[in-house]
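Enquirer: Below is the structure I would like to discuss, written out as structure tokens.
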Amino acid sequence: MSIKVIVAGFKGRMGSTAVDMIKNDSELELAALLDPFAAEKEIDGVPVFTDKSDLVGLDAEVWVDFTIPKVAYENTHFALENGFRPVVGTTGFTQEQIADLMTLSADKKLGGLIAPNFAIGAVLLMEFAAKASKYFPDLEIIELHHDKKKDAPSGTAVKTAELIREARAYKKQGAADEEETLVGARGAEFDGFRIHSVRLPGLVAHQEVIFGAQGEGLTLRHDSYDRISFMSGVNLGIKEVVQREQLVYGLEHLL
């Protein structure tokens, strides 16, 4: 039997790519599409909604969310309250919001996934970076995205930094008497190292973690050249959350 899926934010680039992926998988079925700016009533027989409250009672199992940070938490909370298992690629959640959603999902016995990045290569980069940081504690993260991205740093960069913090002993990087002659030149500070965000047209999603040591350096990099790179992770997430009873943060928990 097919897994019935709602896609919130289907008008966006990630949402529309997810719709195409679901249509092309015989194990998945589009149950509904949601976007506040939609003018259509249905697309190829799939009902279209502009208000999530109209989805209460809908026969669906999974809620895929590619919306915007300011509504993603509310959407995910709504999904869990109404029996939909969330698979969320929207970034910008606080740690408190993630913890709240984990608690709610456990109470409801519903699986779910919030993933800063759905590309398998990006998840591997995070894992490799955490491992390398034990031996190369001096590092900087540079994330590069298209110029329409609303949050900075990216969710991928934040998740990478959190994994590094768990693996690396704290170290304040850089000169003790370092001074910025231009405010912000050294980027954002996280656990003693720096994160830099680049926003340019033509980019999709890219990240480097650069490590330095005496006489050597190590650079780990992942590039998503097309949004199709995220769909294997979204597909995996949809099929995994229906078998689980609590939300997880990070695709690595499903690999």
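The backbone N, Cα and C atoms fix where each Cβ goes, glycine too.
Annotations per Swiss-Prot:
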ACT_SITE  HIS145  active site, proton donor/acceptor
ACT_SITE  LYS149  active site, proton donor
BINDING   GLY9, PHE10, LYS11, GLY12, ARG13, MET14, GLY89, THR90, THR91, ALA115, PRO116, ASN117, PHE118  NAD(+) binding site
BINDING   HIS146, GLY155, THR156  (S)-2,3,4,5-tetrahydrodipicolinate binding site
Enquirer: Could you name the residues, excluding HIS146, GLY155, THR156, of the same chain that surround the (S)-2,3,4,5-tetrahydrodipicolinate site, i.e. Cβ within 8 Å of the Cβ centre of those residues, in sequence order?
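Expert: Those within range, site residues removed, are THR91, PRO116, ASN117, GLU143, HIS145, LYS149, ASP151, SER154, ALA157, ALA205, GLN207.
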Enquirer: LYS11, ARG13: which of these binding-site residues has the sparsest Cβ neighbourhood within 10 Å?
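Expert: Least crowded of the binding-site residues LYS11, ARG13, by Cβ count within 10 Å, is ARG13.
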Enquirer: Should any of the binding-site residues GLY9, LYS11, THR91, PRO116, PHE118 have a Cα within 10 Å of the Cα of GLY155 ((S)-2,3,4,5-tetrahydrodipicolinate binding site), which are they?
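Expert: Checking Cα-Cα distances against GLY155 ((S)-2,3,4,5-tetrahydrodipicolinate binding site), the binding-site residues within 10 Å turn out to be THR91, PRO116.
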Enquirer: Near PHE118 (NAD(+) binding site), meaning Cα within 10 Å, which of HIS145, HIS146, LYS149 (recorded positions)?
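Expert: None, since no candidate lies within 10 Å.
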Enquirer: Excluding near sequence neighbours, so keeping only residues 6 or more apart in the same chain, what lies with its CB under 8 A of GLY89 (NAD(+) binding site)?
Expert: MET14, VAL64, ASP65, PHE66, ALA115, PHE118, PHE230, VAL234
Enquirer: If I restrict to non-local contacts, at least six residues apart, and a C-beta distance under 8 angstroms, what lies near PRO116 (NAD(+) binding site) in its own chain?
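Expert: Residues satisfying the criterion: THR91, SER154, GLY155, THR156, VAL158, LYS159, GLY250.
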Enquirer: For the residue listed as 'active site, proton donor/acceptor', which of these binding-site residues sit within 10 Å, Cα to Cα: GLY9, LYS11, ARG13?
Expert: none
Enquirer: Across the listed NAD(+)-binding residues, GLY9, PHE10, LYS11, GLY12, ARG13, MET14, GLY89, THR90, THR91, ALA115, PRO116, ASN117, PHE118, what is the farthest Cα to Cα distance, given in whole Å?
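Expert: Roughly 20 Å, rounded to the nearest whole number.
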Enquirer: Count, for each of the binding-site residues GLY9, GLY155, the other C-beta atoms lying within 10 angstroms of its own C-beta, and report the residue with the smallest count.
Expert: GLY155
Enquirer: Counting Cβ atoms within 10 Å of each candidate's own Cβ, which of the binding-site residues THR91, THR156 comes out highest?
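Expert: That would be THR156, with the most Cβ atoms nearby.
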Enquirer: What count of other C-beta atoms do you get within 10 angstroms of the C-beta of PHE118 (NAD(+) binding site), across all chains shown?
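Expert: If we count other Cβ atoms within 10 Å of PHE118 (NAD(+) binding site), we arrive at 26.
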Enquirer: Excluding near sequence neighbours, so keeping only residues 6 or more apart in the same chain, what lies with its CB under 8 A of HIS146 ((S)-2,3,4,5-tetrahydrodipicolinate binding site)?
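Expert: Long-range Cβ contacts: ARG199, LEU200, PRO201, GLY202, LEU203, VAL204, ALA205.
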Enquirer: Cβ distance under 8 Å to LYS149 (active site, proton donor), same chain, sequence separation 6 or more: which residues?
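Expert: Counting only residues 6 or more apart in sequence, the Cβ neighbours of LYS149 (active site, proton donor) under 8 Å are ARG199.
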